[in-house]
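J.: Got a structure for you, written out below as structure tokens; questions coming shortly.
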């Protein structure tokens, strides 16, 4: 009604009832003040002819002074004097209709074209230096207008430079690892499958970081000072699978590294004739460098994990819900700076997939009766009982099978069997464990089909939980057997090398079975569906199984860093091949999820699972090995010592005697390394950082909820105010 319009016009949050001329005058005054603050010199420094006219200001106070066109022209003139970013921000903030903003942009474009033509004419008639300066001005104007969404000016010189500038910007974006591939996956398959490849990229960065630290401080220096006696064996090709043979006495394993000071000739020579007159200024003790490099690598990896987890947690939980995301995606998702045809197509697919995910998330779940809910709970309990019983059965099978293979290996060594049979015995246990890890997820998928979960996210979380329990329990059993020295090995001299070879075989077998699963589970199954069954359907990408394969492989790498320092290099190569193989198989053999769902919190869950079950378990295993397990007597940097931890004080004393100038290092080792307070302090700081980030994000979510409640209350206040004003108008009319 007209009364409601009159009431709404008086409310401060609405612009209904205000004239466009008043709004334009208001923003003209604002742009004038902004230009005066940013670029205009003080009034005292200007001549009288250059000073602005005061009659142009404060038009809103006296609307009769100028018409709407005059006010618009003054606003355009002031907008032209601003920088491109300030101009774009001002045009976005002005509360006018889209048609009025379009008129302002057209007038800005016409003014800029006329000024550019004048610049071009002056450039042709001026000196070379003046022409070069004007050409640079034209380039900057053309790039600023192209960034704000307008068509480029038809000048011969700026067009090529603007295209070169855009190509350079696109090149910088494309220099990020797998930038286009991740955009392609996100556009075709959605954020749920994209989270797997982002997680793979994160693991690759972690392994490259660990590999560089170990190579610089341990591997490269040991390669520069190789041990005196190393037995070399010919390469037969089986070493790639078993990790034995010529790999046994190489930089790959623990047993190759020395227990001496590398740059001290007295440490390696039996006689004193080779010794220099003075000891080296900075002796490099390999045992000390070995244990400290691995410790620092684990500490920095843990800090990076905590940082990644807190950042991912903040990004995924900073918004309480996705209530307004649909409107934002519909009206504000398009990036007008995208000009390449391939990028435009990818952005279209990405926005379409995101809209499908948001709409699927807003769909209501089916309501169940009491009997149906009880039946569903019974099905869930039975499915979990079956899954846990299968985990127990797999653990018992691995335990008894590993004991049997240990007995078989001892009998074979006592009889003096052939080399091929010995290599086959070494591969049996990793093959059986990898086979169980490949087949059990399919059984869990059958249980998920029987459970009939409503939410695809809940189905993925349940599958991840079941697979994680299976893999972590099996790995815990294997770690117990490795520390008990019950490991199938080709040599009995160095048990650390045997454990490193066993972990190498597990990593290689895990990669081989991942390739076989990709081949038969995706490629062959697609061919069967299309060629034999004549269905227009393809297999879906199993996120839970593939993510757990990545976590399992990374856990093996962390467990084996102490026994095989070059194992992160193998993991880097494995992840690189896995990315391209999985991407090709996904694009060629898989279809997008049948139920689109938004995986805004999947990356946080993946990083959390990587940090606490995986990294924490590997850190406990290695800490127990360093503090409590006795090293080998004849090999490795810690041979003949009681424990790795207790040998640190001895090494520090040797360093202090060799060079009195490093007494500060003795103090650091005594008060920081040997003192347990530092370990508890660092753990407490990291836990406090995690707790602080969680509380900050929780506070942000509460503030968002309060703001939403405040917005709802303001709507109720407006309705209440309108009702009161209606009653006042009725009383006046009466």
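Just so it is clear, glycine is given a Cβ too, placed from its N, Cα and C backbone atoms.
On a predicted model such as this, the values are computed, not experimentally measured, just so you know.
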J.: Which one of 203-225, 226-248, 249-271, 318-340 shows up in TrEMBL as transmembrane segment?
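T.: That would be 203-225, per the transmembrane segment entry in TrEMBL.
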J.: Could you tell me which of the ranges 536-558, 559-581, 582-604, 605-627 is annotated in TrEMBL as transmembrane segment?
T.: 605-627
J.: Could you pull the average pLDDT for the domain 'TMC' (494-600)?
T.: 89
J.: So, does the transmembrane segment (288-308) come close enough to the transmembrane segment (605-627) to give 3+ Cβ pairs below 8 Å, pairs being at least 6 apart in sequence?
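T.: Contact between the transmembrane segment (605-627) and the transmembrane segment (288-308): present.
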J.: Per the 3+ Cβ pairs under 8 Å rule, pairs at least 6 apart in sequence, do the transmembrane segment (460-483) and the transmembrane segment (503-528) touch?
T.: no
J.: Counting Cβ pairs closer than 8 Å, which of 288-308, 377-401, 424-448, 503-528 has the most of them with the transmembrane segment (677-694)?
T.: 288-308
J.: Where else in the chain does the transmembrane segment (424-448) make close Cβ contacts, counting only residues six or more beyond its ends and a cut-off under 8 Å?
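T.: Same-chain contacts beyond the ends: 241-242, 244, 383, 386-387, 390, 394, 397-398, 401-402, 405, 408-409, 412, 459, 462-463, 466-467, 470-471, 474, 478, 488-490, 501-502, 505-506, 508-510, 512-513, 516-517, 542, 544-545, 548-549, 552.
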